Every structure is written in structure tokens, then in C-alpha cells.
Amino acid sequence: MAEEEENSLEYTPTWVVAFICFIIVLLSLLAERGLHHLGKFLKRRKQDALFEALQKLKEELMLLGFISLMLTVSQTAIRHICVPPALVSNMFPCKKPLEEEHHAPESSHSLIFTTRHLLSTGSSPDHCTTKGKVPLISVEALHHLHIFIFVLAVFHVIFCASTMFLGGARIQQWKRWEDKFKKPPSQKDATKPGHAHAHAHHARAHALHELFNANHEFFKMHAGGFWRRSVVISWLRSFCKQFYGSVTKSEYIALRHGFIMTHCPTNPAFNFHKYMLRTVEIDFKKVVTISWYLWLFVVVFLLLNVGGWNTYFWLSFLPLILLLMVGAKLENIISSLALDVCEKRNRGEQAVITPSDELFWFHRPEIILQLVHFILFQNSFEIAFFFWILFTYGIHSCIMEKLGFLIPRLIMGVLVQVLCSYSTLPLYALVTQMGSKFKKGIFDDLVHSTLEVWLSDTRNKGESTSDAHKMEIQPTIPESFNVQVDEVMECDNP
């Protein structure tokens, strides 16, 4: 007891307390100010979707702070929870030595408490031993669990941000393809109307030439020859193509043309690339959050992480398998669109690419985003768990498993991160636009807010809910809408 009193705050030098408090407050303020200035920077750059994603990040940090507070406040109460020794004598992350298994439960558990340095934390099992029971969890184990939750959230944010940054850089490379279809300058803004007219005519001719060549190459690549129409060959080719040139110039131009012909045929110069980037930024807000089912996955993994089961090793294959499935499916959708156009041509119908939800799993394109969300979280979980074990227990910890299991896990983690950034995310950004409905990113923030206000007003006036829902998802607006026609009816550049 004397040693415990000497280590308490009552017998700690005041300069030590003040110094530690100053460091904690300083780091907290630096983090808060850094996030504040980052938000102002995104606002100045008019990156509203990324700004909202930053707000989601702040919410996650607030949740982590609440978890930390709860663990800190309740650790004394948790430490005094006593259970029968039989409940804590199995399902360990590490296999116990054989000689310990023959010891009495009391001596075995006291040995475990010794290895966890329970006495050094100022905790004593006397409260439970007097009842013939043992504590549910030690203070040190609770502290390590607290650190793991924080490390997991930090790694998830870092992995999502790096994937968004690398994938966005890859998508930016497509801008030169989009620039070939820019709207030519109008004659009223030109100093030489004749020259402007000639330039506009040349630009339109060049755009049509690019479109013709891209469509020819697109259909030749995906529908040329009988063997490409085989289901097995098509899936095998789709699986392999995600590793090289996941999106080609001809594919981008052909899918862009199909989207514009379906959703805004009156504006062939619609900036599809800018719209696509905006939808990716909006989806990023969902990916950066840790949903309840992801936390449930963490709980299930911690339950099944039993020594000898190699759960950590086998689970590391899951994100790679899911990522390859998603990549193959997205590539196969591109091939299916090309084959559908060829079948229409054979039937004498209008041979244009027709986006449809039927191409996606369960006719729901949003499932792809949910799978990408889970893949990124699972991969960040793998890497976070590795570094947590490394810095908490060391490289030789039994939880780390053998070196033969460790190296493949790290290789697969790096492979998933690279493949998702440079292949799957760009594929997702392009192919998910091929659904039956366009995404809300097609409107800028002013038009989108106006739509929401109008829908709210119509519901308050008692109009049909189904009509309001139809207005929300289809590219139509009422005549009384006081917005620019070019921005909505013609799907003008976002």
C-alpha cells in the first residue's frame, strides 16, 4: 500500500503533473487547429464533398474520445468484475505451456496476472480470490485493448485517404480524354467570328472522329470474335484485365458517350470527368466512416483469434479475394455493355450503350461501394493489428504467429492497397455510372440544395410521396422550378 500511495497523483511532483498536462493539451490543440485549417483549405478550393468527409472524420475521432473516456472511467468497475475460473481458462490468443495446464486454476491465473504485470498497475486480485473467483480482465489488458481501437481507427483513415489520393491521381489522368470533347468557344465571345466558326467546326469534326475510333476499338476489344462472347472466356479476360490497363481510352470514351446519350443527350459536351470526380468524393464520405457492422466484424475476429487456429492468417485472404471479385465484376460489366450493343445491332435496333442496374449484383450498384468500404477497412485492420502487436508485445510474440504466416499477410496487405488504388477505385468511379439512375453529383451544390428544398415543400403540401421520390431520382424537374435550365434540363457542366 505504501508503494501504491507513492505512485498516486497525491505524491507526484507538481512539475511532472503540469508538464504532462501541458504536452497533452498542446498536442490536442495542434491536432484540432490542423483539422480546422484543413477544412478552411478545402472550403477555399470548393471541395465540399471532401470537407464533409473531414467532418465525418471528426465524428469518428469524437467517438474514439468517448470510448477512451468510458474505458478510463469504468476500468475500476471492470477490474472488480469477478467470474468463475472455468470461464477464463480457455480460448487464449496464445497457447499456454503444457506444464501450466496441470496447475490449479488459482495458481494458473495468478501466474497469468504475474505475466501481465498486474501488480505493477496497482491492481490486486484479492477482491476476487476471497470469493473463490478471478477478475474478468486485467487493467493492462484493458489498456492494450484501448490502444488497439485507437490504432485501428487511425490506420483506417490513413488507408482510405491514401486510396482516395492515389486513385484520384489515376482518374485525373483521364482528363486529357475528356478535353477532346470540350464545348468550342461561342461566336459572340470571339473577336473573329469567322475564325471561331471554323475552329468550332474543326473541334466537332475532331470529336466525332475520336468517338468513332474509340467505339470501333471498344467493340473490337470486347465483342470482336466468337471466343470473346463466351461467358467463361469473358470472365477470365475480365479477371486478368484488372491487373493491367483497367480502363483504356476507348472504354472511357464509349461509356462516357453511353451515359450522356441516356441522361443528358442535349449536351454532348457535358463534363463527364468532373461529374465522376464529384461522385467519388461524395462516396468517400461513406467510406471514411466506420459503420456498426465493421465494428461487429472486429468483435467477431477478436473472439475467433484463438491460438492455433491461425485466424489472422486465413482472414488476410478475405480482402484480396473480395477485391479480385469486385474488379472482375466491374470489368465484366464493360464487356456486357459492348455485347449488348452488338446484339441490338443484329436485331436492327438502335446500337447505343444503355446503362442499367441489371448489370450489377442484385440490381444494386451501391453494393460495390459497400464491398470497397469493407475491403479497405479489412485491409487497414490487418496492418493495424500487425503494428499494434509489434509495438505492444514485440516481433516474437505468440500472437504474431510464425514468420511463414507473417510475410504473406504483409505482402497481401500491400497488394490489396496498390490494386485498390490504381485499378479497382478508378474502375468503380467509371463503371458505377452505368446504372439506370445518375447520382446526385450531377448537380452542383446550389442546384442540389434547391432540389431538396423543393422536395421538402411538395411533401409538406401533401403531394404524392411516390411522385416526389420519382423527382428525386430521375432527371426531370417541374416547370415552376426557378433554376437555370442549362444546369438541370441539359445536364450542363457540373
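One-based numbering along the chain as shown.
For all residues, glycine too, the Cβ spot is worked out from N, Cα and C.
Per TrEMBL, the features are as follows:
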- 15-35: transmembrane segment (TRANSMEM)
- 61-81: transmembrane segment (TRANSMEM)
- 145-166: transmembrane segment (TRANSMEM)
- 287-306: transmembrane segment (TRANSMEM)
- 312-330: transmembrane segment (TRANSMEM)
- 367-390: transmembrane segment (TRANSMEM)
- 410-431: transmembrane segment (TRANSMEM)
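With a cut-off of 8 Å between Cβ atoms, the residues of this chain six or more beyond the transmembrane segment (312-330) that come close are 235, 238-239, 242, 246, 301, 305, 360-361, 368, 371-372, 374-375, 378-379, 382, 385, 401, 405, 408-409, 412-413, 415-416, 419-420, 423-424, 427-428, 431. Tertiary neighbourhood of the transmembrane segment (367-390): same-chain residues 147-148, 151-152, 154-156, 158-160, 163, 283, 286-287, 290-291, 294, 297-298, 301, 312, 315-316, 318-319, 322-323, 325-326, 329-330, 360-361, 397, 399-400, 406, 409-410, 412-413, 416-417, 420, 424-425, 428, 432, selected by CB-CB distance under 8 Å and a gap of 6+ residues from either end.
Counted over residue pairs 6 or more apart, the CB atoms of the transmembrane segment (410-431) and the transmembrane segment (61-81) come under 8 Å in fewer than three pairs, which marks the two as apart.
Long-range neighbours of the transmembrane segment (287-306) within the same chain, counting only residues 6 or more positions beyond its ends whose Cβ lies under 8 Å from a Cβ of the stretch, are 53, 56-57, 59-60, 91-93, 152-153, 156-157, 160-161, 164, 312, 315, 369, 372-374, 376-378, 381, 399. Outside the transmembrane segment (145-166), and at least 6 residues removed from its termini, the chain residues within Cβ reach (under 8 Å) are 57, 60-61, 64, 67-68, 71-72, 280, 284, 287-288, 290, 298, 376-377, 379-381, 383-385, 387-388, 392, 417, 420-422, 425.
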